[in-house]
Amino acid sequence: MRRGWKMALSGGLRCCRRVLSWVPVLVIVLVVLWSYYAYVFELCLVTVLSPAEKVIYLIFYHAIFVFFTWTYWKSIFTLPQQPSQKFHLSYTDKERYENEERPEIQKQMLIDMAKKLPVYTRTGSGAVRFCDRCHLIKPDRCHHCSVCAMCVLKMDHHCPWVNNCIGFSNYKFFLQFLAYSVLYCLYIATTVFSYFIKYWRGELPSVRSKFHVLFLLFVACMFFVSLVILFGYHCWLVSRNKTTLEAFCTPVFTSGPEKNGFNLGFIKNIQQVFGDKKKFWLIPIGSSPGDGHSFPMRSMNESQNPLLANEEPWEDNEDDNRGHFHLP
C-alpha cells in the first residue's frame, strides 16, 4: 500500500514538472502574440497613416516573423538525438560490469569495449566516459542531460525557453532562432522609434495605441540587449567549434586535455554546424554534417583521423540504415 502511494506521488510530481517546464515557452509565445497584435494592428493599421509605409512595414515584418517563428518551432520540437545502440552495453556486458566490484577491472572492461568504437575523449582521470544511468559508452561530445534524463549527442545545454535540450540535432535551429530573434527585435525597435517620439511629444492623439507602441519599443529593446549578448556568445562558440559545456570544461582526449581539440579553423568550424552548402545556412532545415557520434579533431592529421580522410573507414551494418558507424 505504501509503495503504491509512493509511486503515485512520484508520478504526480513528474507530471507537474512536465507541465511547469512549458511555462517559459508559454510566456514567450504570449509575448510574441502580443507583439504581433501591437505591431500589425495598433502600429501599422491604426497609427501609421501612409498606405505605402504600411505596406512596406507589413511585408518586411511578416518575412522576419515567419523565419522567427519557424526557427523557434524547430528548436522546441526537434528531439535531441541519442547515441545509437552500438554505444550501449549488451545485456551480457552490462551484467559483467555491474557484478564486477573492482574499479580497475571495470575501467579495463570499458577500455576494451571502447576499442570497437570511434571514441577519443576521456574523463579527467583518463577513463572511458561511461553513463551509468543510460548504460552506454558516451560518444565524443555526448553528455547526459538530467532534465531530459538521457544522453544527448554533442550536447550544448538544456534551454528552458524552448523546453528542450540543445545538441547535435537542433543546435543549428537554436542559433537561427537567436539570429532571427535579434533581427525581429531590431526591426520592431527601429520602425517603432519615430512613432514613439511622436507619442512622447504629443504630436499624436493619446489613444489606446499609444500604450502598445510605447511598451512595444521598451520590450523590443529589452529583449534585443539580452538576445544579442547570448547570440554573440554562441557565435564565438561556433567560431571555435566549442559547445557551452566544452567552454566551461576542457575536453580530455587520449593524449590529454586540449581546449581547442575540435577547432578546425573558422570556415570549417562554421561548416560543422551549418554544412558546406551556404544556400541552407539561413533556412531551418537539417544540414549539419555527420551523424553526431564522431567529429573531426584538430590533433589528428588526415592519416590518423578517419573523419578528415577521403575514405570512410566505418561501415554501416545497421539493418535500418540510419547512418551509424563502427570501427572495423
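Each Cβ is built from the backbone N, Cα and C atoms, and glycine gets one as well.
Features of the protein shown, as given by TrEMBL:
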- 20-39: transmembrane segment (TRANSMEM)
- 55-73: transmembrane segment (TRANSMEM)
- 129-247: domain 'Palmitoyltransferase DHHC' (DOMAIN)
- 177-199: transmembrane segment (TRANSMEM)
- 211-233: transmembrane segment (TRANSMEM)
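Packing against the transmembrane segment (177-199) from elsewhere in the chain are residues 35, 39, 43, 47-48, 57, 60-61, 64-65, 67-68, 71-72, 74-75, 162, 206, 210, 213-214, 216-217, 220-221, 223-224, 227-228, 230-231, 234: each is 6 or more residues past its ends and has a CB under 8 Å from a CB in it. For the domain 'Palmitoyltransferase DHHC' (129-247), residue counts in helix, strand and coil come to 68 helix, 16 strand, 35 coil, using DSSP.
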